[in-house]
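*Asks:* Below are the structure tokens for one structure; questions will follow.
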Amino acid sequence: MSADLTDLGIAAIRDGVAAGTFSAREVATAFNAAVEQGRPLNAWLVETPELALAAADTADAARVSGDLKPLSGVPLGIKDLFATKGVETTAASSILKGFVPEYESTVSGKLFAAGAGMLGKLNLDQFAMGSSNETSAFGNVISPWKRNDGGNASLAPGGSSGGSSSAVSARMAPGATGTDTGGSIRQPAAFTGISGIKPTYGRCSRWGVVAFASSLDQAGPMARDVRDCAIMLEAMSGFDAKDATSLDIPVPAWEKGLSGDLKGKKVGVPKEYRVDNMPPEIEALWQQGIDFVKDAGAEIVEVSLPHTKYALPTYYIIAPAEASSNLARYDGVRYGLRDLPDGANLQQMYAATRAEGFGAEVKRRIMIGTYVLSAGFYDAYFTQAQKVRSLIVRDFEQAFAQCDVLLTPTAPSAAFGLGEKSDDPIAMYLNDVFTVPSSLAGLPAMSVPGGLDGQGLPLGLQIIGRPLDEQGVLNAALAIEERAGFTARPKVWW
Amino acid sequence: MSVDLATVRKIAGLARIAMNDAEAEALVPELNKILGMVEQLGEVDTSGVEPLAAVIPNHLRLRDDVVTHDATGGGIRDAVLKNAPQAEHGFFAVPKVIE
């Protein structure tokens, strides 16, 4: 029985627990065992089987008393960027090793209040900076997927939410939280054959989420299908007075509103996303996606987003600038690591602590950010980037005057091997070429599995929507999901 | 614009990151490669364009000027100090700053 239970997604668990088909304790027990068995994937930084069981017992009692909540009986993985009260939270960094928050992030708190349990804390790129999960201070996460070429190369699960994607894909969790700054939910979802949505900036509270780039960071769900994402997103979203950028608007009933019928809808295809050297398989996948949404009744419109090529350079000014400012708080005084060399003064303590506690990619981004914000360069770099960002936002506004959602590939390739790109930061950054523009514009965007490449690896399609139109995004993604018939899953080798 | 070793050292100082010679030297070409990529933005005509201030229109809220009794409020000194590497007498402790 237990092996079957880990095949179930969020909706199936919720419904099964409510109907009494199985108990929440059985579900939690099955996933706890899967987490233990999956240790070779290095997806989890902290395992909390006892918390999953405690929430399950509460759910089982709630069923008896008729007090079930939207996520009663659903155990989840929580990306280790979310502060969890009483459970170590490190953002996969050495500088936060041993940090046990005295508070709960709003998003994880909402999920638990909705009845969910926690299986553990998920590994990620250090401070969410990376696209492959090779920057964690606690070792790389390994994708459960393998190429079908007979080789045994370890593949990247994507990043930064790579522990989340690996865990959901490997059936160690029915769903997990992710965060997306430039594509950190969508690219790992695409690499591992699962679904994930970054909602409109401001939908999910950032309070208690370790900050990377505050004008971009947004939490979202990662799960096996579109419905499960809708259910989880409903529980995660909502106004929070503790986050000044939180939107004070009601949360729609996204699950109830799901419909894969796109009749009367216009789907835009941005011509600038046909980048140089795009692999033919990605071209073919995109065309397949176009055929799917047409079949669902949508009309295809070619649109132009002329500033697309400037999105990555804009991102690699704004995100490091905000990161250099946000990460100034790690000074060895209030929490985290302190490195105090003999006879060091306060300034030397700061510098030694930060040298010791931050990984290479984090230092690189802090250095870039410090440079572009420094006197003499601020206007040339940062102000110019914020102006180009305005133009990127305007491009999307003009496109959405002609269509309801946009359809693009999620990433320019399938998952690459661990180590294949880690020596070249620019090659790594290019992986986010399709996800970064919508992040800069704060738009809701989702990745949904579209098919497999020649090596048997998953490829994702991305839907980008108007501000606050998560429903339109979910529905277009559902139309693709219904037609793609994606049932591939990694073979268990761990 | 490109950075040299002296600039990297200066930035490391501003960023409060201790760095040995080898680390600083390795960063020179890496930062220049990234700066080379972002240089492209110079070719965009942004005359008359306002820098983006907020990605989704939202107004800044003010809260009542009272002590809140949650994790953002007062009365939780022990919780605030709990993760400090060194705390003494209810304060964060740091190396001596006054001789």
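Cβ atoms here come from the backbone N, Cα and C positions, even for glycine.
Annotations per TrEMBL:
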- A:LYS79: active site, charge relay system (ACT_SITE)
- A:SER160: active site, charge relay system (ACT_SITE)
- A:SER184: active site, acyl-ester intermediate (ACT_SITE)
- A:150-170: compositional bias 'Low complexity' (COMPBIAS)
- A:38-474: domain 'Amidase' (DOMAIN)
- A:149-185: region 'Disordered' (REGION)
*Asks:* Do you know the DSSP helix, strand and coil residue counts for the region 'Disordered' (A:149-185)?
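*Replies:* The composition, in the requested order, is 8 helix, 7 strand, 22 coil.
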*Asks:* Hey, what's the Cβ neighbour count for A:LYS79 (active site, charge relay system) at 10 Å?
*Replies:* 32
*Asks:* Taking the Cα atoms as reference points, how far is A:LYS79 (active site, charge relay system) from A:SER184 (active site, acyl-ester intermediate) in Å?
*Replies:* 11
*Asks:* Around A:SER160 (active site, charge relay system), how many other C-beta atoms are within 10 angstroms of its C-beta?
*Replies:* 35
*Asks:* How many other Cβ atoms sit within 10 Å of the Cβ of A:SER184 (active site, acyl-ester intermediate)?
*Replies:* 36
